[in-house]
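Feature list (source: Swiss-Prot):
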- C313: S-palmitoyl cysteine (LIPID)
- S324: phosphoserine (MOD_RES)
- S326: phosphoserine (MOD_RES)
- S328: phosphoserine (MOD_RES)
- 1-42: topological domain 'Extracellular' (TOPO_DOM)
- 63-74: topological domain 'Cytoplasmic' (TOPO_DOM)
- 99-110: topological domain 'Extracellular' (TOPO_DOM)
- 133-153: topological domain 'Cytoplasmic' (TOPO_DOM)
- 174-198: topological domain 'Extracellular' (TOPO_DOM)
- 218-245: topological domain 'Cytoplasmic' (TOPO_DOM)
- 273-277: topological domain 'Extracellular' (TOPO_DOM)
- 300-330: topological domain 'Cytoplasmic' (TOPO_DOM)
- 43-62: transmembrane segment (TRANSMEM)
- 75-98: transmembrane segment (TRANSMEM)
- 111-132: transmembrane segment (TRANSMEM)
- 154-173: transmembrane segment (TRANSMEM)
- 199-217: transmembrane segment (TRANSMEM)
- 246-272: transmembrane segment (TRANSMEM)
- 278-299: transmembrane segment (TRANSMEM)
Amino acid sequence: MMWGAGSSMAWFSAGSGSVNVSSVDPVEEPTGPATLLPSPRAWDVVLCISGTLVSCENALVVAIIVGTPAFRAPMFLLVGSLAVADLLAGLGLVLHFAADFCIGSPEMSLMLVGVLAMAFTASIGSLLAITVDRYLSLYNALTYYSETTVTRTYVMLALVWVGALGLGLVPVLAWNCRDGLTTCGVVYPLSKNHLVVLAIAFFMVFGIMLQLYAQICRIVCRHAQQIALQRHLLPASHYVATRKGIATLAVVLGAFAACWLPFTVYCLLGDADSPRLYTYLTLLPATYNSMINPVIYAFRNQDVQKVLWAICCCCSTSKIPFRSRSPSDV
């Protein structure tokens, strides 16, 4: 999609070589009033389908959080921010497909590249904010539920979305390679230098998340040991509970790394002459991160599951008993 030159993503080829600025093989200028639109390739269709699934999943999460008054706690605000970002990413993929292969508008395609850059940045930023919130809820357990927590949540969300908006506007307003394809990176029309900056920012975020989750593991192990001693539980019970908690954190961080690390590394190593196939193969898992985020951060929550069951049964959600849950449960 956004990695095709000109008005489309279809300067893709299975091997390396010079960049083709047209969407298909060179053709004569059209003699009629109609504009020749490129034909989508299999990878383009797969990404469009992925965008549709991402949009549907996250639209459901947004609808649940907005439509359920009980979901106004800071942790649900952060999950809602993540869902909105992933929803924009899914819609951006679908609309970019339409802009390239149905409308043929280079200007619309460029704007949607900015939307995708903003959405994916906001998604990663929201994941970092959720990690920070989880850590603080355990580190400052006694003072977590206060007005300060709400204020801090809004500040984090503001920083995430302002930063994402800035990074999304950069390729639209100035920093792109539409006028100089030799400066392009693996994703058109983002320049190589721009992608390097984004990759470095990702590694910084990933490093912070890794450090915070390591601290969370230490706190969880210490708390589990203290509870086991107070309740005179067997050591086996302590280790089982601790191992389960650490396994959950490993799944959360591992899914994030598996989805984004291949594409980020490829952005650093590749350039405009790199095989287009590798761009698709590394970018597709990155879109899957927006597909699994609702499962990890929303649908696993028991209160969200209650609302889903109520919706499926056409029942009112106003009488559903919700229990107080900490961010580490989300």
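Cβ atoms are placed via backbone N, Cα and C, with glycine included.
According to DSSP, C313 (S-palmitoyl cysteine) is assigned to coil rather than to any helix or strand. Looking at which of 43-62, 75-98, 111-132, 199-217, 246-272 has the most CB pairs under 8 Å to the transmembrane segment (278-299), the answer is the stretch 246-272. The predicted model assigns the topological domain 'Extracellular' (99-110) a mean pLDDT of 82.
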